[in-house]
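Annotated features, as they stand in TrEMBL:
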BINDING   A:247-248, A:261-265, A:278-285, A:Asn299  FAD binding site
DOMAIN    A:9-198  domain 'Electron transfer flavoprotein alpha/beta-subunit N-terminal'
Amino acid sequence: MNFDDYRGVWVFLEEKDGVIAPVSLELLGAGRKLADKRQTELSGVLIGEGVTALAQSAFEYGADKVFVYDDPIYRHYRTEAYMRAVLACVEKHKPEILLYGATSTGKDLASAVATDLPTGLTADTTQLDVEEDTGLLLASRPAFGGNIMATILCKKYRPQMATVRPKVMKALPREPGRTGTIIAESIPLREEDVRTKVLEIVRATTRRVRIDEADIIVAGGKGLGGPAGFQLIHRLAETIGAAVGASRDVVEAGWIGHHHQVGQTGVTVTPKIYFAIGISGAIQHIVGMQNSGLIIAINKDSAAPIFQSCHYGIVGDALEIVPMLIQAFETALGRKEEANAGKV
Amino acid sequence: MLHIVACIKQVPDTKIIKMNPKTNTMDRASAPAILNPYDAHAVEEAVRLRARYGGVVSVLTMGPPPAVKAIKKCIEIGADEGYMITDRAFAGADTLATSYALTKALEKIATIRPIDLIICGKMTIDGDTGQVGPGIARRLDIPPLTSVNKVVEINQDEGYAIVHRKLEDGYEVIRSTLPCLLSVEKEINEVPYSPLPNMLRAARYQPHIWSVNDLPDIDRPQLGLKGSPTIVSSVWAPAKPQGGTMLEGTAQDQVQQLLNVLLERRELLEVGRS
């Protein structure tokens, strides 16, 4: 394998509901830095049906080039169809680095592509860097349930591949009118070559506040003592219009569904305000919420690691503090509503 | 007769594992070895499918000799047969080398009894990658179906499976040809306590144990550390964040201070309430 043949940083551009997924735009931001450091191009790989027009937004978020596979066979994500497109594109244009969002689609695709190439793949990366002179990708991620961080290298194979957690990297500010080159690609692929069919897509019907989209999250942990104590989390969340989050042990104890789990094996969140209540702050939880705007921690144990990661901390029993908070908010917010009512 | 093989792993319980604060390394001895929790769901699903369609459930693992315990746990859940590959040659394998070794073992199992379906847990709690399952599927050239949270139907006569695949905001219904590989989410089932007869059988059960020499046509450079493109170059304890302002005074004082901080950001509360 001649490494000099492999040039450029690529991002797999995941299309969802007619737009490029936010995580892909974040990766263009991260990829731009890597490409600049290597003085090379940043490209996107865009696969789908009727997706060519989306290349423009990739340019506006930092891409120089977009390889497009636009064909009805790619209407739905299917591992085999998408994998064949990516494999063909890598073989033809030889990138040095290829990044995917760590979504259900990105992880599925990257695992298949890595095996066939073959090359190394680092999962769920949270930090990326590249050695300027060697082009070696430094992909770092929490390991062993988040107890440690590890930097993983792929020295002997190209491209170097990683999936990257959503909401960890930052997208560049959109630059309207920025352009690039669209390269239309295709491979001979017939429907009968693909062994899976998507029969139906069912979107979640109840549109609860999803924690990855919420502006305020009230998250609870084992420190609440039991499901009854955890009800306080729901009440506080309701009072201030927040979504409810939870630590892994609480989810595993069955106090709340897994959709609410914040952390390495749950959801990465970036709300404007994050309340961590009765959560000790295992690193696997911290990596999932550390990019929140304002972090408030309430915990009985003054030595709890969560206090290292918060902006404001209260040492105290959640069962005592949270009811006071609920009451304080009710009063404060109630007054605000009265004040507003007075103005009308 | 369906033959389902679940691929499983024994892992350190990462919830309990302790770090050595001086060396920033893990004290592996501090953590009990357990069956990877996601794999328990894979085995349970295989057992449920056997109850629906008949057949045989085998489990396969790669690991050091003590990993026999994880196989016994699967027998307790209800698996019929256990296979283990264990050899120094496998040590240090990343996901690519692991999927290669397991594939070679699966090929050998298939000579004993053809395989219709392979089931893996979503990921292991020590590696956290979820890459081995899809890797096996690619090497066997069968469709990989990841994030499966329901098996709707297995139709062996017509050679297809229908499953639900979890998406970020719902699920998709997929039909795939058989054989295929499923990697399953934990919500696919609940693993009940094992019935006593299973526990008695597990206590006596001796799995089939193979070394690298028992696997035909194996390409040794693809195994273990040598066959692993990724290497861990450094390991460190995550940077200790700065720590914030600790509020002081009585509980009521602290709540009031917090409220003041938040009310300064009044607009945020309004966002929350809208």
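Placed from the backbone N, Cα and C atoms, the Cβ positions cover glycine too.
Features as recorded by TrEMBL, highlighted on the structure.
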| residue | record | CB count, 10 Å |
| --- | --- | --- |
| A:Ser247 | FAD binding site | 32 |
| A:Gln261 | FAD binding site | 23 |
| A:Gly263 | FAD binding site | 26 |
| A:Thr265 | FAD binding site | 23 |
| A:Ile279 | FAD binding site | 31 |
| A:Gly281 | FAD binding site | 23 |
| A:Ile283 | FAD binding site | 22 |
| A:His285 | FAD binding site | 29 |
Those binding-site residues out of A:Gln261, A:Gly263, A:Thr265, A:Ile279, A:Ile283 that pass a Cβ cut-off of under 8 Å to chain B are A:Thr265, A:Ile283
Over the domain 'Electron transfer flavoprotein alpha/beta-subunit N-terminal' (A:9-198) the mean pLDDT stands at 96
Reduced DSSP state (H/G/I helix, E/B strand, rest coil) at A:Gly281 (FAD binding site) is coil
